[in-house]
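As structure tokens, the structure follows; a few thoughts come after it.
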Amino acid sequence: MPASEDNSKIKTLPIIPIRDGVVFPNTEIVLTFGRPRSLQAIEASSSTDRTVVLVMQKTPHMHEPNPQDLYTVGTIARIERLLKTDGEVNALVKGQTRVEILSYESTDPYFIAKVIEAPDDDVRNDEITALVNHITAELKRAVNLGKSVDFLSFMNIMSGLSPSEFSNHVSSVLDIKPTEKQLLLETRNVKDRLSRISEYLSHETKILEIERKIASKTQEKFDKSVKEAVLRERLKTIEKELGEEGESKEVRELLDKIKKAKMPMDVEEKAKKELKKLAQMSSYNPEASYIRTYLDWLTELPWSVASSNQVDIGQAAKILDADHYGLKKVKKRILEYLAVMKLKKEVGTAENSKEAKNQPAENTSEKQTAEKSVSESAKRKGATPTILCFVGPPGVGKTSLGRSIARSLGRKFVKISLGGIRDEAEIRGHRRTYVGSMPGRIIQGVKTAGTKNPIFMLDEIDKVGTDFRGDPSAALLEALDPEQNHAFSDHYLEVPFDLSDVMFITTCNVLDTIPPALKDRLEIIHFPGYTEDEKFRIAKGFLVGKQLEVHGLNPDKIKISDNSLHFIIRRYTREAGVRNLEREIATILRKIAREVVEGKVKTKAVKVADLHKYLGPAKFTSYLAEKQDEVGMSTGLAWTEAGGDILFIEVALMKGKGNLLLTGHLGEVMQESCKAAMSYVRAKAKDLGLNEKFYQNLDIHVHVPEGAVPKDGPSAGVAISTALVSALLDLPVKKDVAMTGEITLRGRVLEIGGVKEKVIAAHRAGIKTVIMPKNNKQDLEDIPKYVLDDLKFVFVDSLDQALKVAIIKPLKPVVDEEIHPKSDLQPLLARLPS
Ligand code: ADP
């Protein structure tokens, strides 16, 4: 900018700070001044041409800002009118030109600064015109949506101003932050300023639109509830006019429902009391709807609806067999349980009638007296009634067996999942004082069943947690305990419900996490998981037929060959149960169903060669087929929540400094097993023919592949030691020998758990020999005979015995030179890659 032009535009003027606002050129506004410096500046200006410069402060609450606390761009304004009120001055100011502050001349008694005018260029072009038109339209829309703009300003804006004036006026009515206003003031280029204004304005209209939507929704809701209350009130008046005063139709209907529900006497009284409260209540009272919901719950519970309770053991046995293959022991156990239940019922009824005769029931609750006598006589006999608990991996038929029991007894079946429940209220309900309160899951389940004696399955009882919201297992215990559950109290219901006719069955994957008090009550029935042959029979006899029916396919026309089923079991699933197997069969049939509908096939026999087309590539390689007898790799047996499995333990040696490296997501106990194995080998180094200091020049890496599967527990001790010795002696381990057992530092082998699952897993994987602790011998009892026939068992109580069997060259007593290279470490190190 040329210096001459500069000079004409430079002025020295009083500066007045504004806390949080911007005065735009061409606009008028009323401001209130109170700070002494501002008042003196106004005073001084009145003796000249009444112009001052208004500049915004960077922080609004600062009372005495310094020059550096002010923005450097402000507006020259003329003070048009003044109105003084006690200590403050209201001034009508009119913005004139934008200025930039060049330097402050003095700061006392008020700010005086040298400023230079920086007006807009009056440019017009198509783009600017379009922006002005767009903003005008948007502003009109905003005003229609409820934006408040004072009438005069609005008229001004609409009256065809120059783009620069237009932008200043619109800026002054925008609902934006002071800092955003300052930014607009500082934007020199008119086009840029208009674009920015347009953005701010669209944002504002969007918010106005949302606000309007919310307002109309709220109004709608409000209207609905008012309308309902008014109608109810009107109904009452009409009924009064018709002489039906006292009992509205609703109350009469509810009373009818209460009578039909055949509740115990005290419950009925409670219900009637609530009904009376409701009848006296104005319809406008929000509590009325809570009472209505409560009464609905009370009247819809099956207080005295029951399925017939005939236990026919022969019939039950037939139905259990028809629904499930195998599970002989489980079925036998269930039939025994049913028989005991039947006998107990008969004894109970006999005792009951005897005692009832002795003390005839008064007009009070006859039923209650009877209940008391049953449970007391049960107590006297010392009978501890139990609840069945099915333990086993997923997909072994726990739920479907529960269903089958219900079918065989002609009772209803309900199932609730307890997985992840941490709140007692989930079991026992919330008190009615809570908004949105409901009965707990037990009462909900009973309502769903619609009878008071359903088979009630509580799934995943091992996954119930405890925290600050109370202990759900305590509430569960009360529900399950036959001595207490004839009067189960739900917080929401407030009246006791009789659960003594419900047959509870619980299920879980593991037993360890069930609280002991609860476990005590459970009659544990193990589902060990299936062998390949059993799975095949289940698939052929049950799953295929079931899925054909589900998919609407004709069993005479669509078939799956035996070989295919075996192939699916071996190569597409790896599980203890049959859930995935069923899923894979369903996948095949779904695809065939589509082909049938499309007219591509009419009959089909699925062969092994077709499986790739329907199921994609095989998901699992056969466990052992591709493996070889290897140095430093042993086969262990693991037990997980999903059943048994085999796992491979690998040990690698590297030149190093005696570090032990453990990988493959090993749990703490398993890591300790590795260390114990290492200590054992070090202690036995001499006997094994190793240099006593062998470990000093070596790093030993123990790895258990399939890192995503967490592994823990002490039972891999034998397998780890075997792999370690094999690596150190450079002698391979037999691939088809699987081993399990905990070890001590002295090489003793201790007993372990989960034998059944592990043996079945070993059988499934094609293992030939299983090495197992001597003390576990008795655990083989429950394992199917044909599994035992296929396997060779070696029971050991020391590691030496295990090594003899597992490591390829027979490991004879310690001094045999042939297998124990009498080396120091040199030959071993020489074979390692450097
Ligand atoms: P869980 O409750 O143990 O997880 P499910 O009861 O859901 O397992 O069983 C999964 C599927 O396998 C069901 O369709 C069930 O009918 C079927 N199934 C499991 N075991 C057998 C069996 N022994 N005979 C027939 N079908 C079975």
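Cβ coordinates come from backbone N, Cα and C, glycine included.
Here is what TrEMBL records for this protein:
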{"type": "ACT_SITE", "residues": "S715", "note": "active site"}
{"type": "ACT_SITE", "residues": "K758", "note": "active site"}
{"type": "DOMAIN", "residues": "13-205", "note": "domain 'Lon N-terminal'"}
{"type": "DOMAIN", "residues": "628-809", "note": "domain 'Lon proteolytic'"}
{"type": "REGION", "residues": "348-379", "note": "region 'Disordered'"}
- [ ] Would you identify the secondary structure of K758 (active site) according to DSSP, in three states?
- [x] helix
Task: Distant-in-sequence Cβ neighbours of K758 (active site), under 8 Å, six or more positions away - done: L637, A638, W639, G644, T740, V770
- [ ] Summarise the model confidence on the domain 'Lon proteolytic' (628-809) as a single mean pLDDT, whole number.
- [x] 86
Task: Other CB atoms within 10 A, centred on S715 (active site) - done: 27
